[in-house]
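Peer 1: Let me give you the structure first, and then I'll get to my questions.
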Amino acid sequence: MLDAFSRAAVSADSSGSFIGGGELASLKSFIADGNKRLDAVNAITSNASCIVSDAVAGICCENTGLTAPNGGVYTNRKMAACLRDGEIVLRYVSYALLAGDASVLQDRCLNGLRETYAALGVPTGSASRAVAIMKAAAGALITNTNSQPKKMPVTTGDCSNIAGEAASYFDMVISAIS
């Protein structure tokens, strides 16, 4: 996993030059948004269980066959596995958002996810939809447009770029599942 600082050093080193120009501008932007990034990750992690359970409840309401006998989340064991998987995905998205780099998400979460779900018989359409619901919930929390007020102080300012970055990580998960 490379964070923004490591990426800048590797980029400069590969070209045999000092860190400068574009790398410094990128790092400056990353640092300037640091508190917003921390607030965004805090908002996601503080509300993780609600985000995941709402996503799973959402797919169950949209597709009642999931909770019917032989459905994707029919037994308690399958429901628990679905909730666990949602929390794992959300955790790795928050890691990527904190680092400003998707490699931890790619390496430790997405690599082989589609094949694993296929082998386990997980309905990929429903799993993708659950991730899309988590994406919407996380985006609302990051941009402070959720209906429930946050119970923590937040840095003021526009967080749409960080919300967009988080959305791109969720999109990577959806693409990996589909």
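Glycine residues also receive a Cβ, built from the backbone N, Cα and C atoms like all the rest.
According to Swiss-Prot, the phycourobilin binding site annotation covers C50, C61. As annotated by Swiss-Prot, (2R,3E)-phycoerythrobilin 1 binding site applies to C82. Look at Swiss-Prot and you will find C159 tagged as (2R,3E)-phycoerythrobilin 2 binding site.
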Peer 1: Using DSSP with the three-state reduction, classify C50 (phycourobilin binding site) as helix, strand or coil.
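Peer 2: DSSP assigns C50 (phycourobilin binding site) to helix.
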Peer 1: For the residue listed as '(2R,3E)-phycoerythrobilin 2 binding site', which residues in the same chain are close in space, meaning a Cβ under 8 Å from its Cβ, but six or more apart along the sequence?
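Peer 2: Sequence-distant Cβ neighbours: K36, D39, A40, I142, T143, N144.
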Peer 1: Please report the DSSP secondary structure of C159 ((2R,3E)-phycoerythrobilin 2 binding site), reduced to three states.
Peer 2: coil
Peer 1: Got a sec? Which of these binding-site residues, C50, C61, C82, has the most Cβ atoms within 10 Å?
Peer 2: C82
Peer 1: About how far apart, in whole Å, are the alpha carbons (Cα) of C50 (phycourobilin binding site) and the residue listed as '(2R,3E)-phycoerythrobilin 1 binding site'?
Peer 2: 14
Peer 1: Can you tell me the CA-to-CA distance separating C82 ((2R,3E)-phycoerythrobilin 1 binding site) and C61 (phycourobilin binding site), as a whole number of Å?
Peer 2: 15
Peer 1: Give the helix, strand or coil assignment DSSP yields for C82 ((2R,3E)-phycoerythrobilin 1 binding site).
Peer 2: helix
